[in-house]
Amino acid sequence: MTKKLFIKTWGCQMNVYDSARMADVLAPLGYQPVDEPDGADMVILNTCHIREKAAEKVFSELGRLRQMKDRKAETEDGRMILAVAGCVAQAEGEEIVARAPFVDMVFGPQTYHTLPEMVAKASRAAGSVLNTDFPAESKFDFLPEEAGSQGVSAFLAVQEGCDKFCTFCVVPYTRGAEFSRPAEQIVAEAKRLVAGGTREITLLGQNVNAWHGDGPDGSTWGLGRLIRELAEIDGLERIRYTTSHPRDMADDLIRAHAEVPQLMPYLHLPVQAGSDRILAAMNRKHSADDYRRLVDRLRSAKPDLAMSGDFIVGFPGESDADFAATLKLVTDIGYAQAYSFKYSPRPGTPASVDGAQLPEEVKESRLAALQQLLNAQQVAFNHGFVGRSVPVLFDRVGRRDGQLLGRSPWMQSVHAEANERLLGRIVEVRVDAALANSLAGTVVTGEYITASPLQPAVTLEASA
Ligand code: SAH
Ligand code: SF4
Ligand code: F3S
């Protein structure tokens with residue numbers, strides 16, 4: 001009998017990847033994904049603990065789910081297994097069990113390969129199954145192969161965890177120590193993805209460029225070498241990686257940007273702040289000028305490289321001058337796109353007990369000023385593409401009929417009227433307009449479209 005599985009995912013791409021793997025683990029038990037929690041046989045909240053709001057949402061969501069669970073208990077098919085997974089589960093597992101005893105399973109990011117046992121236990125007994133261990137074995141050695149196609153653009157986790165201990169961040173505590181998956185395992189997964197129709201793979205890791213492994217030749221590989229290996233896979237047209245740390249940007253990885261055509265010209269390289277005093281207090285172990293020089297080297301290797309980043313404003317003790325240094329750095333670099341956040345004190349992190357916490361209004365106004373600058377850069381970046389033709393990998397159908405959505409090499413979302421048979425293909429699109437977060441374009445007719453090993457190349461008719 002098939003059972004309905006609903007997974008709600010918060011947080012980073014690693015959580016998106018984990019949710020897909022949880023579904024794979026549960027598929028042999030008869031669980032099939034559905035789009036609605038109401039009536040589901042199992043609901044998993046895959047949570048994020050990075051900022052305060054993220055964690056709060058979990059408890060409010062649990063309140064709503066409890067009612068659905070109670071309603072289901074009164075029906076014939078009975079029981080909804082309710083689970084909290086991910087980084088809030090890891091950090092606050094015991095509190096969840098205490099505050100929400102109706103939750104059946106609470107498990108951290110490193111234990112979900114044991115879901116079959118947890119489900120069996122939860123089905124037998126009342127009370128919550130709590131599993132927030134950091135097991136000695138790697139879950140990756142136990143996960144089943146992906147159940148079905150992972151889509152045109154797919155994530156592949158290559159590295160997990162963090163040893164950097166930035167003073168504001170919970171990730172080293174919720175994800176554990178840095179771990180690199182073996183190269184062979186990654187290449188095998190990539191080949192399966194491509195055989196299933198994937199054309200673009202984004203390699204994931206909390207510090208993805210810290211990835212290292214033993215190559216088949218016995219030498220130690222870094223991420224650059226791994227990317228070169230993946231680029232050999234027939235049918236894999238695009239490779240990306242995220243998130244990188246400035247201190248792990250090896251020369252060979254920089255060279256790969258110049259030498260591997262499949263490696264896309266877009267890099268998410270968080271810097272967090274532009275003041276050396278704040279960077280030191282954050283334990284970033286690099287200066288603002290180190291970052292500037294690094295971006296210079298990257299752009300010498302790949303002149304059209306689009307930069308993205310993460311910023312925190314209102315870190316404890318941040319002065320007006322410190323914040324001005326962040327604005328200066330943003331102006332110097334010129335971002336295609338970036339994320340910015342108000343500092344959020346996280347339990348258990350050193351910065352949260354710093355006496356120099358800033359008032360909310362200061363954080364608010366700095367965030368507004370920074371976002372205004374970043375938005376202006378993004379708009380300018382996107383406007384520069386109007387009238388140009390860009391190769392777009394269509395990866396999904398758009399909201400409007402007859403429309404496909406895809407991405408440019410520089411991560412811009414591009415939508416255009418296009419026939420569905422162009423899904424999974426790279427097509428030249430002329431950009432007609434730049435909107436705040438996307439580009440609107442027209443498929444260039446008569447253009448040759450990249451062949452994929454599964455489908456022959458086609459030439460577009462005027463109607464495409
Ligand atoms: N591993 C990545 C990022 C992980 S978290 C890196 O090192 O860059 C994603 C982003 O969330 C961070 O880059 C940071 O900008 C933000 N962030 C993390 N902790 C935060 C906190 N306590 N308050 C506000 N933003 C935070
Ligand atoms: Fe968090 Fe810093 Fe590690 Fe990134 S490098 S995950 S910000 S501790
Ligand atoms: Fe959030 Fe955990 Fe990712 S805290 S950002 S889900 S690593």
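Just so you know, the numbers here start at 1 and follow the chain as drawn.
Even glycines carry a Cβ here, placed using N, Cα and C.
Per TrEMBL, domain 'MTTase N-terminal' is recorded for 3-124. Annotation source TrEMBL lists [4Fe-4S] cluster 1 binding site at Cys12, Cys48, Cys87. Look at TrEMBL and you will find 148-380 tagged as domain 'Radical SAM core'. Look at TrEMBL and you will find Cys162, Cys166, Cys169 tagged as [4Fe-4S] cluster 2 binding site. Annotation comment: TrEMBL describes 383-445 as domain 'TRAM'.
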Binding-site residues near ligand 3 among Cys12, Cys48, Cys87, Cys162, Cys166, Cys169 (Cβ under 6 Å): Cys12, Cys48, Cys87
From Cys12, Cys48, Cys87: binding-site residues whose CA lies within 10 A of Cys169 ([4Fe-4S] cluster 2 binding site): none
Cβ-based neighbourhood (8 Å from the centroid) of the [4Fe-4S] cluster 2 site, residues Cys162, Cys166, Cys169 excluded: Lys164, Phe165, Phe168, Val170, Val171, Pro172, Gln206
Filtered binding-site residues, from Cys48, Cys87, Cys169, whose Cβ is under 6 Å from an atom of ligand 1: Cys169
Chain-internal residues near Cys87 ([4Fe-4S] cluster 1 binding site), provided their CB is under 8 angstroms and they sit 6+ positions away: Gly11, Asn15, Thr47, Cys48, His49, Ile50, Gly108, Pro109, Val170, Val171, Thr174, Arg175
Tally of residues which DSSP labels helix, strand or coil - the domain 'MTTase N-terminal' (3-124): 66 helix, 24 strand, 32 coil
Pairwise CA distance, Cys162 ([4Fe-4S] cluster 2 binding site) versus Cys12 ([4Fe-4S] cluster 1 binding site), rounded so that it is a whole Å: 14
Taken over the domain 'MTTase N-terminal' (3-124), the model's mean pLDDT: 94
Cβ neighbour count (within 10 Å, all chains shown) around Cys162 ([4Fe-4S] cluster 2 binding site): 23
All-chain count of other Cβ atoms within 10 Å of Cys166 ([4Fe-4S] cluster 2 binding site): 22
Inter-residue Cα distance where the pair is Cys166 ([4Fe-4S] cluster 2 binding site) and Cys12 ([4Fe-4S] cluster 1 binding site), in Å: 17
Secondary structure content of the domain 'TRAM' (383-445), with strand meaning DSSP E or B: 4 helix, 34 strand, 25 coil
